Amino acid sequence: MAVPYRKARMKNLGFCRLILILVFGAVFLLLLLRANTFKDLISRYPFESDEGEESDESFGSSYNYSLSSSKNLKLPWQNELSISLEKRNQMPPRNLDLYPKLAKNHIVIVLYVHNRPQYLRVAVDSLSRVTGIKETLLVVSHDGYFEEMNKIVDNIKFCQVKQIFAPFSPHVFPNSFPGVSSSDCMDKDDPAEKKCQGTPDQYGNHRSPKIVSLKHHWWWMMNTVWDGLKETSQHSGHILFIEEDHFIFPNAYRNLQLLVKLKPKKCPDCYAANLAPSDVKSRGEGWESLIAERMGNVGYSFNRTVWRMIHRKAKEFCSFDDYNWDITMWATVYPSFGSPVYSLRGPRTSAVHFGKCGLHQGQSENAACIDNGVFNFDVEETDRVPNIKSDWGLHVYKHQSGYQAGFRGWGGWGDKRDLQLCLEFAKLYWTSEAGKV
């Protein structure tokens, strides 16, 4: 009886081996197809040699075509649009033929935009009238790809222009994270009951991709501008940050140069320089004095030393349950520096926030929302020339309103996937100098 049993057992073992071989073969074939598909995507965007002529079609041989496949980063698997945007980010600045060299000690300007072409036209027109604009580099950071926004930037001829596009924006992934997935929980869904994916915020609400894109874009942009771009990664001076709903006065650049120069002497404890008061409704005090107050979110600038301090607080930034980048900074990052974070500015604003609508409004002619459809702001003669004096004293606002200890945030940022993606952005261009996250 033992011999037939042994034969049957050997047959069963042979059958199991066959099943294992077929399973491993199927897995190998799947991986091979996935790799070939990825290679096919890359082949659609061939590399150009650095030795070639610099143009809009030349990206340079150092291009890292897929961040998600390098450095063991836990980033979403990229689609074709994401890969193409990542490649566009390596294109050299435009208008190099018109402005071949940047001025010594120039201040880079970063304009980060969403999808509000009505606003962007106003902001770009105001920048075109800024004295000294041709001396510097304008970086335009897009939260995804929007054709109308791209056309407006394409037509800029008043300075060097570098465009970058957030390749992991929710707007780039229409059917999967960080965009909307069919398996995502919505509103106040119970994940166990609905069998859906997602972690609610502290108020029980699940993520909204359009809302979280605001914080994701700002953090990705900061990491990319300071540490990821050839044009700015070695820039040690100040970088000015503005949005598409900011009107910039003709004297803004010259005033900012003065503030940066005066800051070490007049306010050595100041971390930044601002073009506008922290109260966006204020036009300034009109005094003959420099002002030191909390960091504003309209026309703010700082240097690499401050960025390093911010970058080291990535965990605090990414884990705070508030979808607003500025409130997150005010409520958790700045207080962690150990001392009040002051910004130096003039007594009269050089930039104003004109938007009346929310983040994703003002996207068409009919939906324009610039002061109820009409933008009308008078630029006085004093706003056309530098109006900051080096012999002025300094007024410090020591007691300022803000978010008190214990403030937990307004929510909208509770999904663990958003927290993880945010932390991965901090590692994109990680170096030993930047510090571990």
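From the backbone N, Cα and C atoms, a Cβ is placed for every residue, glycine too.
Unlike curated entries, TrEMBL annotations are predicted automatically.
Here TrEMBL flags Asp143 as substrate binding site. Asp143 (substrate binding site) counts 26 other C-beta atoms within 10 Å of its own C-beta, drawing on all protein chains shown.
In this view, Asp245 (Mn(2+) binding site) is surrounded by 24 other Cβ atoms within 10 Å of its Cβ, with every protein chain counted. TrEMBL lists Asp245, His353 with the feature Mn(2+) binding site.
Counted within 10 Å of its Cβ, the other Cβ atoms near Cys196 (disulfide bond) come to 16, all protein chains included. Per TrEMBL, the feature disulfide bond maps to Cys185-Cys196 (among others).
Listed in sequence order, the residues of the same chain lying 6 or more apart from Cys267 (disulfide bond) and placing their CB within less than 8 Å of its CB are Leu290, Ala292, Tyr342, Leu344, Leu394, Val396. Annotation source TrEMBL lists disulfide bond at Cys267-Cys270 (among others).
Around the Cβ of Cys318 (disulfide bond), a 10 Å sphere holds 22 further Cβ atoms from the protein chains shown. Taken from TrEMBL, the feature disulfide bond covers Cys318-Cys422 (among others).
Ranking the recorded positions Asp143, Cys185, Cys196, His353 by Cα distance from Cys422 (disulfide bond) puts Asp143 first. Proximity of Cys185 (disulfide bond) to non-local residues of its own chain (separation of 6 or more, Cβ distance below 8 Å) is seen for Pro191, Lys194, Cys196, Gln197, Gly198, Pro200, His206, given in sequence order.
When the disulfide-bonded residues Cys270, Cys422 are compared by the number of other C-beta atoms lying within 10 angstroms of their own C-beta, Cys422 comes out lowest. Cβ environment of His353 (Mn(2+) binding site): Asp245, His246, Phe247, Ala276, Val280, Val298 lie under 8 Å away, each six or more residues apart in the same chain.
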